[in-house]
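A short write-up of the structure that comes next.
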């Protein structure tokens, strides 16, 4: 069928665009493929939806990372137009040289008539100068009035331009556009996930479906992490880890995707309160698995040693931050108690309450939360 061929062509073009990180074009091709598939089959295709949703997410991420992209495009267009300018000038010059004889004849006629016109022009200039001497004050007043009118016009134009810019900013808010792109990606991937889940219930031993579900939950987690929905991100990454453990743990307990999942869960939990213990466990597991993978000679990159060093340093920072949090909580409580005692105005002896203060579990404040959102894995 011709439509099926069109779908395959759209998928191939989308894959090419995605491969070269032209996510916007990939989104267009995947959208076309999904629309045509559903039109002839009456139901969506989970695989096509996943590819479409993932491209939407990558495109939204690229747009949010690029600042002033429109300006660069405008500059490129201007440079392109400037390169075309010489060609247009050459065409004009060619036309002038082709009609050169006519131009010479017109110049000769103007020279003959020139002598008669000079005398008349001199008389007109003298008359204008005389009139200017008689009305100097009126001219000054007119010039002042014209200048004031011009200034008023400029001010009105500036106000109109400012209002137009404000209206454009309201009509095209970039943050809302980026957010809608992330939301669209999440909705498409959620639909793909639900279709995969239904198929998985019918075939729970299907390894391919498990792999597709793990990848879908992984991208959903990234979208939630990027949207600062950290609780949802942690849950999605956890489900992804569970599928990956079923897929890879028996054959390779240090599989790189397992390390990646543990690290992403750590990133999401790090932004949540009351999750320090879980957060540290996942980061510790991440370090241990990567160390074991390197020791077993399974490392895929020479950069793994540097990555391992960074993760160990991050673990030390995390432990140090937790210890500092306990000290800060104790000091803050002591300060509050001292402030209350002083404000009471009592002249009696202030009891030393230090011994009564018990250590409380460490709780990171929102201001101490790291802003890193992306995995380096």
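Backbone N, Cα and C atoms are what each Cβ position is placed from, and that goes for glycine too.
The region 'Disordered' feature in TrEMBL is assigned to 68-180 (among others).
Residues or ranges marked as compositional bias 'Acidic residues' by TrEMBL: 75-84 (among others).
The compositional bias 'Acidic residues' annotation in TrEMBL covers 102-122 (among others).
Among the features that TrEMBL reports, compositional bias 'Basic and acidic residues' is placed at 123-136 (among others).
Among the features that TrEMBL reports, compositional bias 'Acidic residues' is placed at 137-180 (among others).
Broken down by DSSP into helix, strand and coil, the domain 'Tetratricopeptide SHNi-TPR' (214-248) contains 32 helix, 0 strand, 3 coil. According to TrEMBL, the domain 'Tetratricopeptide SHNi-TPR' annotation covers 214-248.
Over the repeat 'TPR' (214-247), the average per-residue pLDDT in this prediction is 97. Taken from TrEMBL, the feature repeat 'TPR' applies to 214-247.
What TrEMBL records for 344-377 (among others) is region 'Disordered'.
According to TrEMBL, the compositional bias 'Polar residues' annotation covers 344-354.
The compositional bias 'Basic and acidic residues' annotation in TrEMBL covers 362-371 (among others).
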